[in-house]
Amino acid sequence: MGTASSLVIPGGDVIDDGYGGEGGEACEIPVEVKPKARLLRSSFRRGPRVIGASFKSTGSVDLEYAAEYERLRKEYEIFRVSKNNEITSMRKKEAKLDDENKRLRAELQALQKTYQKILREKEAALEAKYQAMERAATFEHDRDKALWSNTVRCYLITTRDTKAELEIFLKKHSSALRQMCEGLGHFYMNVYFPEETAALYATERKQEIERSSVCVLLLRSTVSSSVLEDCEEAFVKNPDGHPLLKKVIKQDLLGFEEGAVDSKDSAIDEGCEEDSGDVLWDLHDEQEQIESYQQACSSRISQLGFQKYIDHLNDMIAAPLPTPPLLVSGGPGSGKSLLLSKWIELQQKQSPNTLFLYHFVGRPLSTSSEPVLIIKRLTVKLLQHFWSISGLSMDPSKILEEFPRWLERLSARHQGNIIIIIDSIDQIHQGERHMKWLIDPLPVNVRVVVSVNVETCPEAWRLWPTLHLDPLSPREVRSVVSAEVQGTDLKLNKDQEKKLERHCRSASTCNTLYVTLLARVITSGMTGWSLEKSLDQCLLCHDTMSLYCLALNMTLKSLSTDAARHTMKEMLCLVLSSHNGMSESEILDLFPELEVPVLSFLLHHLNRLCVTTLRCGLLTFQHQQACEAVRLEFLGGRISSAPHREKLIHYFNQQLSQDHVTWRVADELPWLLQQQEDRTKLQLCLLNLFVSQNLYKRGHFSELLAYWQYVGKDKSSMAAEYFDSLKSYEKRCESEDDMTKLANLYETLGRFLKDLGLPSQAVAPIQRSLEIRETALDPDHPSVARSLHQLAGVYVQWKKYGNAEQLYKQALEISENAYGAEHPSVAQELDSLAVLYQKQNKYDQAEKLKKRSVKIRQKTARQKGHMYGFSLLRRRALQLEELTLERDSADCAKTLNELGVLYYLQNNLDAAKVLLTRSLEMRQRVLGQDHPDCAQSLNNLAALHSERREYETAEEMYERALEIRRRALSPDHPSLAEKSFGPKHPSVATALVNLAVIYCQLKKHSEALPLYERALKIYENSLGRSHPRVGETLKNLAVLSYERGDFERAAELYKRAMEIKEAEPSLACGEPSVTTTSRSDSSKGRTSETQHFKGSILSVTRTLVKPGHKCCT
């Protein structure tokens, strides 16, 4: 048998094959198989084949290959599955990451939207804050205005010796003063009481002095007791109450701040303010509303039992939507106007973000009851609070139709509530038809409160939530009577009080007006009756009308002559027959025999008896029942009197014939002619160009249109009539002043025709106005810009946008050159151009212009509201302190200092210097020259002088302030920064830099250098070497080194400063900048760097980085 083939193992042992021979030795197969390569090599090594070898030598190779293949296949399958699992897992992770990325992106977008929303809310809140401050300042200013502000009253104090001087004043100066005041839209009146009868009018004299704008004393040798009393009242008790007439007209009447405008520019600003916008505004109507509100607030019974009603109104404001208008109802004279006025006053104080739009309707047929003018006024007031009044139509039907849309649009921009209050809405002519917007759902933050007479309330409005004013209780009746009796010497006994209470229990005798009037009639004492007789006479009157008749008859009996009684009747009948009332000067013109003391006596007692009052300088009735009583008592119940209207027409026609067209002529004459149904004279009146111009420019477009419709003329006929009238007037124009008036008339006609919807006919008059102004004035005059603006508006209405765009751009350029880039007139032109671009779908350009306009208006509002509000409060605080404390006091000095700082922040350095100097002088007088507060004033004055580049004065004051603090304060006092914070505190470094800047300005470089170096060391140790303050100090040191001639050090310091400046953005992101330049590299190029930075140093040699000299408050 042949020997078996053997497998050689590494250890040298030979394993015999047990399958080869019969008696072969059996061997165990090892568990651990050796490497395959060796097995294969041993199986296929070269050499002669041995005959008779075992089958393992050939067959085992195939078996091992199969096993190996199977194993590899399984391993591959496992690998493939694991990799597939990994891929699946990776895909899941990728999907998860995508989802997470999407979520984060969504969160980022949401955060960005939230940030933008918060930013917008912040800006809106800031805007609302400035608006609220502006409204509060305006409200404060309006509330403190005298109720007689539209009449300039000159009170003349004379004696028997100065009658000649009085006559000279009345003949020579009075007419000029009256013409000047009427040109400004105000009345003028001389008030004087003859010495012979002055003692009979003590009360009237005191009241007239309080109401007067200026007092004039004419005196020689003799002085009577009445003159002494008047002088004491006018010049001793109230020495600052009667400033010069010019100041009164500019400041008190026109609302200008003293020194706010230059006299040189006042004419331009006045003209710009008059016609700057597309919406025309009547200041007299607005003043009438303000005074109506003020008179109601000043009533002594305005708080009578109103708290429960005020709580109800507050609940209505907080009620959830939908909230229909709240109806405040009650009988005539129940106190509805008093309640609403008191509620507005309280809400203005408690909710400064709430916007109140109120309107008090007067007697029927007056301007205040005209529905179109009411809605237009409310719309303009609403738009004014959002800095834009463009886009408002003058068409009466469109004004009524567009008001709800304006309300919805602008309420969405307002952060607080908008509350609209209309008092006596049922007195509006066809109110139910014109106030349909009240029925529609209101915006979310809008509430409406209206008051009505319970007897005349329309049926559709009775379904609204109603707050009904109950009759007065016996306790409230006693309270009203006590309030009226309190200021007199009279006192009711218990029997009289009980009799009065029993009488005031019916529905017609327990309202506020009846009880007030009854108490005033009892206490008037005009007829000489006893208290018991006066009470018995009043108790015979069982309603307000009869009580008014009694009051009128008692006033007539108190007059001494029949002529005076006749004058009183005629005067009240003229007031009743007029459109809006009569002024005192007009009454004196109509009744030359009427003396001023008698008129003053009459008006005083009629006002006391709730019959008449003065609003916007016009005598009118306090209540509708007083008007009805005059009609019943003096006209026999007739609605009107034709003779009285004819008398008024004759009076106003005289003024018209003198080419003297005031707002009173335009208000009264056309209305009177319409009431007399004289169409021919009405047409002639309307063709007086100045009458129509006056009506149109004050916003009475609907009234002017109604007059023409009454005459029977259509739009084209109106245009032709006006053109003919203008052509004839142009032929008479010769002087430059006449040409200016002609240009204004042409512009007014063009605007009127544009508002009528006749743009093709409106172009010619406006172009003619433009030609006249360019010839008579200057091509770059602001009036030319106004004509360009109006002509562009016509082209926009005509849809000729290309022409309009060029005209708007020209107007914008002229306004920027005339007023500066941040004037409201520029904002108006930007708004108009933005609206034009929106019409052309150029939204990007429109957005840019709109943003610029908003910035200008915001800045204007900040200047007018923010600083004005603070300055106003400080001025009022100073006035109160000077009244309550001594004139020289530490508190007054502190307030002067704070007010000076406010003016300093407004860059009004002249006013700031006056106040800060007053504060320093007062502190030196009261506290002593070495008091620390004096150091504070010195420091503030030094900052002011530094701002004005008066460095030597600033240095002296800084040193004086420092010396005072070193002597007066303890070592640990907070005012000594170094000793309070330590020598290494940044505040010390800031003080050192401030002083170093002053030294540099004074060329004391050697003294400034150690201060800068010390400050730099403190900044580096406390704030770090990369802080911006370090960079600023390095830059200052670089400039200083350059000035000293050390250019290499200057370049090195400047380079460090620029590296810090460039690293500021990365520092903000949390990645500090690292400088990798080696010392050898930097030293190698130092010479070239010196040359490189020398040019940079030159550019900033004269510009030190000023840390800012702050005022201390």
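Every residue gets a Cβ built from N, Cα and C, even glycine.
Annotation source TrEMBL lists coiled coil at 87-136.
Summarising the annotation, TrEMBL assigns domain 'Nephrocystin-3 alpha-beta' to 147-245.
What TrEMBL lists as domain 'Nephrocystin 3-like N-terminal' is 324-441.
Summarising the annotation, TrEMBL assigns domain 'Nephrocystin 3 helical' to 475-634.
The domain 'Nephrocystin-3 TPR-repeats region' annotation in TrEMBL covers 645-883. Averaged over the domain 'Nephrocystin-3 TPR-repeats region' (645-883), the predicted model has a pLDDT of 85.
Under the heading region 'Disordered', TrEMBL lists 1066-1094.
According to DSSP, the secondary structure content of the repeat 'TPR' (785-818) in residues is 31 helix, 0 strand, 3 coil. Taken from TrEMBL, the feature repeat 'TPR' covers 785-818 (among others).
Residues annotated as repeat 'TPR' in TrEMBL: 935-968 (among others). Secondary structure of the repeat 'TPR' (935-968) per DSSP (helix as H, G, I; strand as E, B; remaining residues coil): 31 helix, 0 strand, 3 coil.
Residues or ranges marked as repeat 'TPR' in TrEMBL: 989-1022 (among others). According to DSSP, the secondary structure content of the repeat 'TPR' (989-1022) in residues is 31 helix, 0 strand, 3 coil.
Taken from TrEMBL, the feature repeat 'TPR' covers 1031-1064 (among others).
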Completion exercise
DSSP composition of the domain 'Nephrocystin-3 alpha-beta' (147-245), residue counts helix/strand/coil, works out to 51 helix, 17 strand, 31 coil
Problem - Counts by DSSP class (helix H/G/I, strand E/B, coil) across the repeat 'TPR' (1031-1064) - result: 31 helix, 0 strand, 3 coil
